[in-house]
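These come from Swiss-Prot:
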- 20-136: domain 'Thioredoxin 1' (DOMAIN)
- CYS55: active site, nucleophile (ACT_SITE)
- CYS58: active site, nucleophile (ACT_SITE)
- LYS202: N6-acetyllysine (MOD_RES)
- 348-477: domain 'Thioredoxin 2' (DOMAIN)
- CYS399: active site, nucleophile (ACT_SITE)
- CYS402: active site, nucleophile (ACT_SITE)
- ARG463: site 'Lowers pKa of C-terminal Cys of second active site' (SITE)
- 506-509: motif 'Prevents secretion from ER' (MOTIF)
Amino acid sequence: MLSRALLCLALAWAARVGADALEEEDNVLVLKKSNFEEALAAHKYLLVEFYAPWCGHCKALAPEYAKAAAKLKAEGSEIRLAKVDATEESDLAQQYGVRGYPTIKFFKNGDTASPKEYTAGREADDIVNWLKKRTGPAATTLSDTAAAESLVDSSEVTVIGFFKDVESDSAKQFLLAAEAIDDIPFGITSNSGVFSKYQLDKDGVVLFKKFDEGRNNFEGEITKEKLLDFIKHNQLPLVIEFTEQTAPKIFGGEIKTHILLFLPKSVSDYDGKLSSFKRAAEGFKGKILFIFIDSDHTDNQRILEFFGLKKEECPAVRLITLEEEMTKYKPESDELTAEKITEFCHRFLEGKIKPHLMSQEVPEDWDKQPVKVLVGANFEEVAFDEKKNVFVEFYAPWCGHCKQLAPIWDKLGETYKDHENIIIAKMDSTANEVEAVKVHSFPTLKFFPASADRTVIDYNGERTLDGFKKFLESGGQDGAGDDEDLDLEEALEPDMEEDDDQKAVKDEL
């Protein structure tokens, strides 16, 4: 009898030790294959980050992830945050389809079959708000002023619906809007004290924010669509700084026209320049997103390169559209006054500004080597020569794939250097742009056959000398296809995903 009791005690102790064996770092559970199932069983809601120790984006996320974990733990939430070193736990990474770093997945009730992909931003508030939306009601019921104050204080942006009848059609439309937005906390109230505190005497919706004017009152008929539009127009600051944390809000938002102020924080009239930019932004809410970029920051140098800017040329303003075709625009004036920036934006919206195409100077020896060097200024003349078949690599100097291709491309140039009508060429697409070709990836390989109809053929075959030769000898047929590689928007954005073959590129930046 005693031995059985001791056995039960030992098993109970072992179970307790097993649960306690879940190691924590900064309130984040450290998971391995050996304790992953145990963690899922112990926690109803579990957000898991699969990371790599060398990943720059993972390092940038770490303090915000820990802050979110601490906040939820302090609230006594059932939600816990965890992390897995995917380079050590490759079986787990493969099991959950990890192809980039960081990959973040949300597990509910231990369900391993279909965890949700995390889709919000990289700040602690974004993480907490997304998780609360996934685990609770779309809008929190605010029964008194203390609850309302707590909600407003909890996040940079909050939305509260004030409805004397929370079963009304307007209230139902409000809840539909709340369900559609993951990263902003919503509250709903019928309490007269809350109405009074926030100076409302009838039904309405208010967006509270800890920047700019502090609050925005919705006006008009309350419908889901109109509320979503109202929130889109008001949830971001008039001017948002481009950082690792704000990038998802910038690229993931619905506003696809961005004007960027490249401004070193060390410049003497920094406050004045930023103030002018902010004044200009007031007239374009919901139409153009105004973004400030610290041009002195090392992490932003690739963005300067993308716009053909050097640090010494800043402060400067550029505009870009992020629709299907990314197009850049440059102000006609270098003056950075609110009036000049406002005029530039109006002219752009009226369709009176032509795209800005970058070009380097034509090198004196551009055609002296087997691989010809093209720039914006000589591209048309060479690529669309009716008597020549021209095969062009569009590359980025920092791109790892391009560096791997370089010796093969040089050999291809040697192979055809004396050919009467085949030209092998290359163009640095970070410094040169042409209207006839939109480069979406690096490297992009395009073939311009000898003809008068300006035909362009994408190459997507093997990146080998034999593959290229077969393509050329077949007249651009063997290996033709859509181009696909490192997307330009991904190249600009500090993306949440970073796969192994991009690591070399990112480590250089």
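Cβ atoms here come from the backbone N, Cα and C positions, even for glycine.
Per-class residue totals from DSSP over the domain 'Thioredoxin 1' (20-136), listed helix then strand then coil: 48 helix, 28 strand, 41 coil. DSSP gives CYS402 (active site, nucleophile) a helix state. Non-local contacts of ARG463 (site 'Lowers pKa of C-terminal Cys of second active site') by the CB criterion (under 8 A, 6+ apart in sequence, same chain) comprise GLN404, LEU405, ILE408. The Cβ of LYS202 (N6-acetyllysine) lies under 8 Å from the Cβ of LYS164, each on the same chain and at least six residues away in sequence. Cα spacing between CYS402 (active site, nucleophile) and CYS58 (active site, nucleophile): 25 Å, rounded to the nearest whole number. Here CYS399 (active site, nucleophile) is positioned 21 angstrom away from CYS58 (active site, nucleophile), judged by their C-alpha atoms.
A straight line from the CA of CYS399 (active site, nucleophile) to the CA of CYS55 (active site, nucleophile) spans 17 Å. The average pLDDT computed for the domain 'Thioredoxin 1' (20-136) is 91.
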